[in-house]
């Protein structure tokens, strides 16, 4: 052993006491790692920078504008070069950017339908109102629509692609219902089918390809909200079939020993499973496994890879557009049981946009900041999630004794029964007149902010309590008089019917399928 910082000399082997001291320095860079530019031009960087600044000061405005256009062109060239580099490591060029294919070589025809241009759709992220997004199978597989989507996705920069994938993953993880998740999975599977049908090279960093694994887990999470042990119990052994689904998705099964391992279940073909939900999940798992193998092969070979070389079971070839929706709908529509909670769960996960917000505290001027205007279906577009701007006090079903007409007391005396009010008139706010003065809503906000800072007066509290006691509740009767029906088209019937089973709040209390 030698002292710290001392090493035996290799030049004088005959001398036992020949040592040399090693200078330990971790801050100084080794000479072999210094580039040629740093060796020769390290001391000349400052003069070059000053020289460039002096040249820029001598340029005129016209020359500066020309220089600006040249810089923008160079930036576009740099972006194109950076776009040619894949996100996968150790790949100098993109092996899947094959630009040699054309419509004639692929056997496609130009799309002339009502769907918008793919560039606009990718830019807007979501469809506009009354926009056509439901396409036929021939329009998806036999036209150049998906090919244009592929070309648009390949032309995105790395930052734009990451932003687009982040938005898609966020929408998947926050899906409102199973119907939206199934539609998203169907979209990715159709895109996968298009690449297999026309033998296109796969881009692993594609928007639809990259998020297949996320779709698999979110698809299972939405299905798991149903009582799958009851759904799979149509042919018996519901618990075992549910555990097979967990193995298929890669979820742990620890409470029971299964005959097959997780890897063996995932390598089975969709036809080997009994239930349609298992077959749909097997298709997604197979596509995710094929894409993972393609990624590994691209890193090793640095060559374009195709789905046909990895799809040994020909799952993509036998897949049809709309198959996922048919399998899920077939499973839930054919399920019949006496369990009320099971039926309620199926109805809730399949029916989107069920209203769950009954009043809102947002004011109309604050609504655009939060973007509270999503694209709802037509039957739910009449729902308002913001408070309208009303300058006058609207009519309501509650009124004080002073506001009631005097004839109402006579009617009680003559007929002996209270007057029935069957409808409520909804006054529409007049938004045609725009003034710079403060609205009633803004004045009320300022007054409420002023009163919050004051100490409450006991006399005012007693007066408000006495004023609230004067409120009279008008009874609402279901019988509607034909005379009042033709008074106004703006009137709205009050429907007080409700279902008894909607009072159920704890859905996962008695289920064994929740994680």
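Every residue, even glycine, has its Cβ placed from backbone N, Cα and C.
Per Swiss-Prot, the listed range annotated as region 'Disordered' is 398-422 (candidates: 398-422, 423-447, 448-472). Cross-referencing 177, 189, 230 against the Zn(2+) binding annotation in Swiss-Prot, which names 335, 337, 342, picks out 230. The binding-site residues considered are 337, 342; of these, 337 has the fewest other C-beta atoms within 10 angstroms of its C-beta. Here the binding-site residues are 230, 335; the one with the fewest Cβ atoms within 10 Å of its Cβ is 335. Here the zinc finger (230-342) has a mean pLDDT of 89 out of 100. Shown in sequence order, 227, 231, 233, 336, 339, 343, 346 are the same-chain residues outside 230, 335, 337, 342 whose Cβ sits within 8 Å of the Cβ centre of the Zn(2+) site.
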